Amino acid sequence: MSVNKKLAEKLSEYAVVKCEEPMRFHTTYRIGGPADYFIQPESADSLIRVIEILDEEQIPWMVLGRGSNVLVHDRPYQGAVIDMTQALNNYEFSEDGHLMAEAGCSLIYIAYEAMMHSLSGLEFASGIPGTIGGGLYMNAGAYRSDLAAILEEVLVYRNGKVEWLPADSLDYTYRHSIFQKNKDWVILAGRFLLQKGDSHEINELMISRKARRMDSQPAEQPCAGSVFRNPEGFNAWKVVDDLGYRGVVRGGATVSSKHSNFIVNASGTASAEDVNSLILEIQKRAREELGIELITEVERINWDDSI
C-alpha cells in the first residue's frame, strides 16, 4: 500500500495528518517503522469521522496513546495510526468523588489531579506513563491495584455507535480486558469512583513510591515498562533473574540491570527484532527449564499474528 494523497487531504479536514511518519517518534521504546498515515483528530466527533473515512476506504487503522507498553515493528505500517492525546484530554471531578476522564488524558497527570482534589484511589497510577485509554485497554495497575478496581463504566465507539458500557461487562482481570479481543472498539472515556482522602497523606504515598520506582526501575532509558505479566505464584522479574538474564545484551536491546522485567533500548539503536528476539529467548527457556509460561505485557504492533 502506498500513501494516497487525496485520502490524506480528505482526512486533514478533520485532523492533523502526517504521511510516512516514523513511529519511533511516538513510542517510549523509541522504536518503530513509518506509518502510512499518522492522524491526530481535533475532537471526539472528528475522531469518529476519521474512522468512518478509513473504514470506507478499507484502510487498516489502530489507536495509540502515549506509545508506552508497545513494541512496534521496524517495517512500514500500511495503514493509519490514530493519536488520541490531542483531542480526548478533558476530565472532570465531581463533589461525590466521581471522575470522568477522556481517553487521551495522562494517567500520571490525572493521578496528581485526584490528589489535589483530596481523592484517593489513583495513587497506584502516579508512575504509569500512559493514558486513560491505554490503561483501560490493558487494565493498567501497580501496587496490587488497577483501574478496574475503581472503574464504573467506559464510553466506547463501536459498530457506529457511542455508548457507555458498565465495567462488569468488560471482562476485566489482571492486565486483561474485552478490548484486547475487540480492537475496533474505541475507548473514548472512563468514569471512576474515588474515595475522599487527605491530600497530604496521598501526596506522601505518591512521593515514596516515586522514590522507590526511581531506585528500582530504569526510568532514564527508553523502554515500554514491564515486559512480562507476573505468572500465578511467581514474580516475572525473579523468573528472568533465575534464568541469568539480568544485564544480558542482544543487539541493541538489554535486560535492565536495575529491574530484570524491563528490556531497555539503552543504546538508542535497538531494533524491534532485537527486543523481540530477547523476549522469545527468555520465554523459551522459562518454559523449557522452569515450566513457567511468561506472557508478554508489552503488546506487539505490526507483527505477524503467529508471533
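Yeah, the Cβs are placed from backbone N, Cα and C, and that goes for glycine too.
The domain 'FAD-binding PCMH-type' feature in TrEMBL is assigned to 30-197. The active site annotation in TrEMBL covers Arg175, Glu297. Annotation source TrEMBL lists active site, proton donor at Ser226.
Positions of the features from TrEMBL, shown on the structure.
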residue	record	DSSP class
Arg175	active site	coil
Ser226	active site, proton donor	coil
Glu297	active site	coil
Number of other Cβ atoms within 10 Å of the Cβ of Ser226 (active site, proton donor) across all protein chains: 20
All-chain count of other Cβ atoms within 10 Å of Glu297 (active site): 19
Number of Cβ atoms other than its own within 10 Å, given for Arg175 (active site): 18
Rounded to the nearest Å - Cα separation of Arg175 (active site) and the residue listed as 'active site, proton donor': 11
Length of the line joining the Cα atoms of Ser226 (active site, proton donor) and Glu297 (active site), in Å: 7
